[in-house]
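To start, the structure under review is shown below, and the notes come after it.
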Amino acid sequence: MSAELASRGRKVYFVGLNEYPFLPLVAGLLRTYAEQDERIAAAYDFQEPVFLVAPVQEMADGIVEPDVLALSCYVWNFRRQMKVAKLVKERYPNVLVVAGGPHVPDRPGNFFEKHPYVDVLAHGEGEVAFRELLATRLSDHPDYTAVPGVSVRRGTEAVVGPKAKRLPRLIDTPSPYLLGVMDGAVATCRERGLRFYALWETNRGCPYSCSFCDWGSATMSTLRKFEDERLQDEIEWFARHDVEDLFICDANFGIMPRDLEIAHALAEARGELGAPRQVRVNFAKNSNDRVFDISKTWHDADLLMGTTLSMQSTDMDVLEAIDRKNIGLDNYRKLQQRYAAENIHTYTELILGLPMETARSFRDGIGSLLEAGNHEDLRVYELGILPNAPLNTPEKIEQYGLRTVPKRMYVERPGTPDDEAETFEMVMETNAMPRDAWVESFSFIQAVQFLHNGCYTRYLSIFLRQEHGIGYTRFYEGLQDYFTGRPDTVLGALYLRMRSLYHDYIDMPALPLANLVASQPDMAADLAPYGRRRGWTIDNWGWLRIATDFDRFHTELREYLATLGLDPAGDARLEDVLRFQQDVMLRPDYSPELGKSAEYAHDWPGYFAGGLLRPRRVRVAYGDQSFGANGRYRPVPGDLKAFTMAAIGTSYPVSRMGHFCHRFESAEVTSLAEPVVSEQW
């Protein structure tokens, strides 16, 4: 089958928008499955998918004489796509508008009353329903209500069709990659100089039923897999088409025994043909030996962007409320140690605002994860209410006191109408976490991200925990309390600005979810020397603000230690670790050619790698040549933009792997007999 097919009359358009360039896999899957029907292949002319965001009117104008308009709807594209459908329907009233995807409600309710330009909703898996819709449309008097898995508009009411049909346990659908259907999208991205992700499925389904997520309910839980031969051929396609970035869309990669074989095949393609260069994946929720082996395989092949050790919350009452089972903190600690022994980067994702979560349990959870050894990457997201999530019922919302705000997703272009601005219902208050507690909790974790994950206080806090018994929660709560009362300090100004911003964030729905920093002129001005981005995050801003006032920050940090009963002037070890903590940070003047060294009274790299703390005069020499996942970013002395890429990487995809500070594995530690001094090469 060729992607360049002769015109056959009935035009089919797909729209599936994303702020980031993801290849339109859904459109390809729907098309190739439908075209197995010879009648459909003969009657319809499938157009190139609309997947790159443009002004709504421009996208609508590009849809010319459509017979069918298919929309793949997610929370990040729903409003714009509805507006495209409305404009197209006004111009071409006979077009059949079909909306599918996770944002289409399982229970139509008043959907068609709100969106009368949509004709059909496709629920769940779309291939079978879409093919039957196209086949039905070819009849003289099409009756779409007979198609399984759809709801059909009749006036403003919904007529629900028969139960949906699903693909078999061994999915044998044609591959849009192998049939050339994706070639046009790849060419478009490359012509525009866009870094894109190739989306890829190896299996479908999720056996879990977390109440905040719609994945398990949407896929009806049963795991089904694509054919082995097809997957191997697609891996070769990715490699031969020099696809740099691959996103595996499975809900739980590593849950199936063959997933390790797939991982080896990708690593072999990377080694033999040079691509893919980077793999993003949703790892299996309950991490196991297979996930470790996959991570090790990709780490060794320089493919891995990090391994998820899932949590969402550490509180048992919260986990019960969201129907979630975790791996347990003891097992989590063992996994952290296992991955750390192989220098494999891990990260843990938490959700703020879950049912039953209090400010105390949230902060204690952060502390317990740091105690368990996750010092590099804690990620926290606000709880959003998805249309088809089990949590999204009137009973659950009332039970837990979930109060939401319809947040804008992005900083929209000037003049963007409200009906084109994407929104997401975000939980900003619950019975267990009032608004002020939500604000303070979010400020707390953001500071932990740029101070601890970002390395400014990581080694100091580990030292204080191990040698002085000062727990991580106490240390970071103390920081917040002390500096919030001192607005004239670097951290004090950051804490108070975050508090003010998050109160505004709740009160002002137009303040965006994804581009919050870019919406604030003062924050954008702070970051201007480091480059222009729409995707700056709060922890990016905090980290770079400290980089700007680096020496002042360290002076003020010493003042805070006095509140803990600590005096560096009278504690040689504390003074030594403070110097090490300052020296280990990546700075704008660092030269890969010259390197950097300093001398200490203790072997701090050895200590923080798990050794004993003994007096030992050492020289620590760093020779890092590049930073970030896969070593993509090389710093240039005095070049703030190059420094920023090396220090924090890109805003998307997010990865804290190999950023912020010098790495022990690149350091040379030499024993000395001479007096201890510091120097820079």
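Glycine too: its Cβ is placed from the backbone N, Cα and C atoms.
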Of Gly254, Gly271, Gly274, Gly384, which one shares the 5'-deoxyadenosine site with Phe212, Gln312, Glu349 in Swiss-Prot?
Gly384
Using DSSP, tally how many residues of the domain 'B12-binding' (1-144) sit in helix, strand and coil.
52 helix, 31 strand, 61 coil
At the level of the C-alpha atoms, what whole-angstrom distance separates Cys213 ([4Fe-4S] cluster binding site) and Asn18 (cob(II)alamin binding site)?
20
Indicate the candidate from Tyr74, Phe212 with the smallest number of other Cβ atoms within 10 Å of its Cβ, considering only these binding-site residues.
Tyr74
For Tyr74 (cob(II)alamin binding site), identify the closest of the binding-site residues Cys206, Cys210, Gln312, Gly384, judging by Cα separation.
Gly384
Below 8 Å Cβ to Cβ and six or more residues apart, same chain only. Which residues does that give for Glu127 (cob(II)alamin binding site)?
Leu29, Leu30, Tyr33, Ala34, Leu167, Thr173
Taking Asn18, Gln312 as the binding-site residues to compare, which has the smallest set of other Cβ atoms within 10 Å?
Asn18
Of Cys206, Cys213, the binding-site residues given in the record, which has the fewest other CB atoms within 10 A of its CB?
Cys213
